[in-house]
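**Q** Submitted below is the structure of interest, expressed as structure tokens.
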Number of protein chains: 2
Amino acid sequence: MDQHTQLPKVGMVGGGQLARMTHQATIALGQSLRVLAESETDGAALVAADVQIGSHTDLDALRAFAKDCDAVTFDHEHVPGEHIRALAAEGVNVQPSADALIYAQDKRAMRERLTELGAPVPRWAPVGSLADVEAFGLPCVLKATRGGYDGKGVWVVSTADEAAEVVAGGVGLIAEEKVELARELSAVVARSPFGQVAAYPVVETVQRDGICVEVIAPAPGLSEDLGAQAQRLAVSLAGELGVTGIMAVELFETADGRILVNELAMRPHNSGHWTIEGARTSQFEQHLRGVLDYPLGETALTAKWVVMANVLGGEPGGMRVDERLHHLMAGDPGAKVHLYGKAVRPGRKIGHVTVLGDDLDGLRARAQAAAIWLRDGVGHIEH
Amino acid sequence: MDQHTQLPKVGMVGGGQLARMTHQATIALGQSLRVLAESETDGAALVAADVQIGSHTDLDALRAFAKDCDAVTFDHEHVPGEHIRALAAEGVNVQPSADALIYAQDKRAMRERLTELGAPVPRWAPVGSLADVEAFGLPCVLKATRGGYDGKGVWVVSTADEAAEVVAGGVGLIAEEKVELARELSAVVARSPFGQVAAYPVVETVQRDGICVEVIAPAPGLSEDLGAQAQRLAVSLAGELGVTGIMAVELFETADGRILVNELAMRPHNSGHWTIEGARTSQFEQHLRGVLDYPLGETALTAKWVVMANVLGGEPGGMRVDERLHHLMAGDPGAKVHLYGKAVRPGRKIGHVTVLGDDLDGLRARAQAAAIWLRDGVGHIEH
């Protein structure tokens, strides 16, 4: 409880863009997010008043950080489960719990639990050797059980030689069938400790080179039945796994019209950034409501279509980012830009742009043009 | 320019809720607002990373604060003009300039200049003595030329005795006719140093005891002609006075269908808080764009009607604010709450609530119920 405002204090472990945008939402609720950042130049550390510098793998740093927090939550999945358990045992209100978070940390644990629950998943098996992979069948997808993101930790292997190389890397692996994808979807839900659940409309996520580049809300042309299935699945998993705060269920929509769970994330998620302007309650506010056991907010869309495009860092040189921003604002005064306070490196997510309205094709063109313009300083800004 | 992000650094003098909400908007633009606060418990000081503690009347504090800022702007009108001129002379980019800001600081200067410009104002005169007031005519309204807000510094006087008492107070005064009001309106515009201007829809402001309690966007039943007149007037004044950033033109709509300028504010304004969710570009982002000479953002409404109600502090005792917030969230999951991090004192503005939609009567009832609930912890939360 904050002494001055008599309002709760939430601590978020990790100082990236998710904590940065959560801080914005925290301010509206009368609070100020406490952030555990690795560096003073982390995106959230640049903007939040209450920042501690330390490692999320250092239990003493976590203990000091959690002191006086009404709830502690996460901007990433990398806090060791044993540390979370230690904090909880000492009375810290950690949301989500280690028991839930494991399914966002460890792909094998997630696949095992979802299989037990009868949730639709790709055919999969744990693999420890080349023989296991060959027994599973080639071609297949090998995934590191821990630590992958943005396409890292995922290998599509067609031959024994390729598989052998991945196995030789020595990381824990699972094998999965290579699914015939129609596209990827995401079902974002929130759940409170009390058990209230709220679901956002299911969105389409467009990936390029394993990185999400575009999110369309709601997913265009998604059958009502499949959309409802996806929401029900996400709501049911949130309950079964004991999730609190936001959970994103990344889904494959198969060529034959089924949905399969790809991954789980238990924190605000890139596939929910559109909610800042595009839903009545942003995923960041919703995450706070969830972890504080506040009643959840409305998830309705604020426009017919909402399109978000990630802004990646471009090659060095050319116009400064703020000059690019100038031109974008002049060309598209309705585009909502979010920059994360990061130094530009090629391919790094440095921000996102959201546009809303009635004309989906026009919105997609605007979002894409804005993102390319901010990345490269070239192109034609649509409006 | 921020060394890490290579993005501009804006400094805002004053650490109240306007700076607090401006900081939220600054974060989206990749920046972090620098705040000059009087105390560490000022609303903005509680949430911003880059806070200096000092007085806005201390030129050395202002100088230190302005160092490395790409633009310096204000959360209130109380910085002495000579300090602003001194900073500007030393090369600080102050927006708006002292030459513009005087018309928001000094009601006599404002009335004189607006009269010169032929803008519609109530009949008025400077008054230095009781004889001046009697010559002007009673009853009338006496206004302190400097420092008034929320009904303070305004006296409606009917008799010579009442007028004598105000004159004896020794503050600079003007006298104004008591206008036959139909209601009060506000025309919020933004202007950049380049000269671009953007106007928000004209809103109705509802006052109680001199304090704005409710804002309705757009002003219900306002004739197209009068709305356009009000916007043109505000746009023209912004240009004539050399305003940069946001200017709110507080207007009287008279019983006989004219508009008269009441006051000017040159900063984000209570009558523009609805823009956070209710307009494509919030007044806080727009103010930043204006003072940074960025192109201005779209001002279109995001819903048919937007209603904002101020939340005042209630009497001590009863439920804590966060418990009240719980109940409000349960009863009205679509209400957008903004709390300012202030300790509760009766009658003090501690936050606001915004609701959006198609049914104006329903929205007004919801906003009012939410504000009363947060103030008193009693009543029925509409939804």
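Glycine residues also receive a Cβ, built from the backbone N, Cα and C atoms like all the rest.
Checked TrEMBL, it gives:
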BINDING   B:K107, B:K143, B:E176, B:E177, B:K178, B:V179, B:E184, B:N262, B:E263  ATP binding site
DOMAIN    B:111-292  domain 'ATP-grasp'
**Q** Looking only at DSSP and grouping its letters into three states, which state does B:K107 (ATP binding site) belong to?
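**A** The three-state answer is helix.
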**Q** Comparing the binding-site residues B:E176, B:E184, B:E263, which residue's C-beta has the most other C-beta atoms within 10 angstroms in this structure?
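**A** In terms of Cβ crowding, the pick is B:E176.
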**Q** If the ATP binders are B:K107, B:K143, B:E176, B:E177, B:K178, B:V179, B:E184, B:N262, B:E263 per the record, what's the largest distance between their Cα atoms, in Å?
**A** 18
**Q** Please report the number of other Cβ atoms within 10 Å of the Cβ of B:K178 (ATP binding site).
**A** 15
**Q** Are there residues of the same chain, six or more positions away from B:K107 (ATP binding site), whose CB falls under 8 angstroms from its CB, and which are they?
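**A** Long-range Cβ contacts: B:K143, B:A144, B:T145, B:R146, B:G148, B:I174, B:E263.
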**Q** Can you work out the mean pLDDT of the predicted model over the domain 'ATP-grasp' (B:111-292)?
**A** 96
**Q** So, in DSSP terms, is B:K178 (ATP binding site) helix, strand, or coil?
**A** coil
